[in-house]
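Report on the structure given below.
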Amino acid sequence: MAKAMESKSTSRRESSLIKYAVFSRLLVLFLTISWRSFLQPYDTSAALNPPCLHHEEVTEESRPLNNVSKTLENSVVWDSVYFVRISQCGYEYEQSYAFLPLLPFFISLLSRTVFAPLVSLIGLRAVMVLSGYVVSNLAFVFAAIYLFRVSVIILKDTEASFRASVMFCFNPASIFYSSVYSESLYALFSIGGLYHLLSDASNVAVLWFALSGCARSNGILNAGYICFQTMHRAYEALYLKKRVCLCVQVLVTGLLRCICICLPFVAFQAYGYYNICHGHKLDELRPWCKAKLPLLYNFIQSHYWGVGFLRYFQFKQLPNFLLASPILSLAVCSIVRYIKTRPELFISLGFQATEKEKRSSARLYSLKDALEPDVKASSNEGNRDIRQRKPRRKDVTVTNVAAKSNLPETSLYFSADVFPFVVHLGLMTATAFFIMHVQVATRFLSASPSLYWFASHLIASLKHRKWEYLICSYCAAYILLGTLLFSNFYPFT
């Protein structure tokens, strides 16, 4: 009965979340149109559409035909120009390979199927822009749903999960999740992959993580979750179960899954090498083609955008550091707070988690689910049912502790299940601060679940009521600022 009521409550919250997600996208759209109507864009060159280098006939179909097409094409700003151009003409120039192919693929697919009848009315390029908006906004709604489901599994608290997910709907990088950018697809496949991993559908999770790496390069960092799970399961198989063969099996499986996650990104680099380097004389080759390990993506980021370790640490970039300071401060605070609360987990890489935490429904530490087929083969039906019921009782106990305990810090954000998410956030934060253009941190970190879990914890805590005002004000200010600056081609993040 209690489980049925809990399930019904979760379903109601998920339905409410969908309404919040849709409303947030409509709000961003309204603000974008409003700012665009009141102000003159800083740069109006985005509407220019020179002929494709290899497909000139495509450009002929995409001429602006009316005000609708002009409005859509004029809304293409910053990186959206690259994504739409790649969808229309393919990878023409070296720098365009910095933009991974998943979003252009979906844009091209929709514009040539679902929205194909609109081409004769508004032109192909405008249809591609419309397709990009549809893809990004739909992906965002589904990403919010998956974040809620992941949060319920990890936090074991429906209300805390709902708060975190609503904050994601109104996150400070909201403008990018409603533009022709890859953030929404990355969030969908990263968080969706986590949900499948936590639901013990590891092979499906690998596929989703691989797709996240086709949306953004940092998607390959999701392989870290597989590495973490593999490390703990191999330890249990070797030292606790004393089964060497099973340990080898776990390690090999984990390695193959990590390779599968990284493979699409590596294949795209090989595709770029073939197009740019293959068949040219030695004196005609680009510098990166001659390297022992020719990495196109790294070269593009360094050569065209000046990305590199400490290369952004210049006095003139101080405003950009200030722009990124709120998200970086929140991320650092969440990491430091977790380390202070659970130092033993960081020192031991999670091996000092309690037995109850290791047997959590999140399935990040325990090998039990991987061993289940062997258990079934060596026991009868009755004993199997008993074994399957026992961990469920433990999960219910953990849920009750989360709901009734006087120590919410221990049962929610500071549980061992959150540890790998905090490590992932730490790697992302260090990369954003030391290597990338630091202002990009606002959207770079915006798909990290632990960031919203920590914010949800602060808002719920009676000791930190001021944080609710600060966090909500920060999100509101950046939504207003982002829709104002970004939509009018002014620098934002």
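Including glycine, each Cβ sits where the backbone N, Cα and C put it.
Unlike curated records, TrEMBL annotations are generated automatically.
Note that the coordinates shown come from a computational prediction; the quantities given were computed from them, not determined experimentally.
Positions annotated as transmembrane segment by TrEMBL: 20-38, 102-122, 134-155, 175-198, 205-228, 248-274, 321-339, 418-438, 469-490.
The transmembrane segment (418-438) makes contact with the transmembrane segment (321-339): 3 or more of their CB pairs lie within 8 A, with pairs spaced 6 or more apart in sequence. When the stretches 102-122, 175-198, 248-274, 321-339, 469-490 are ranked by Cβ pairs under 8 Å to the transmembrane segment (20-38), first place goes to 469-490. Through the fold, the transmembrane segment (134-155) approaches residues 10, 13-14, 17-18, 20-22, 25, 103, 106-107, 110, 161-162, 164-165, 168-169, 177-181, 183-185, 187-188, 191-192, 194-195, 198-199, 361-362, 402, 412-413, 415, 417-418, 421, 447, 449, 452-453 of its own chain, all at least 6 residues removed from its boundaries and within a Cβ separation under 8 Å. Counting same-chain residues at least six beyond the ends of the transmembrane segment (469-490), those with a Cβ under 8 angstroms from any Cβ of the stretch are 27-28, 31-32, 35-36, 39-44, 46, 75, 77-78, 167, 170-176, 179, 326, 330, 442, 455, 458-459.
Count of Cβ pairs under 8 Å against the transmembrane segment (175-198): among 102-122, 248-274, 321-339, the largest is for 102-122.
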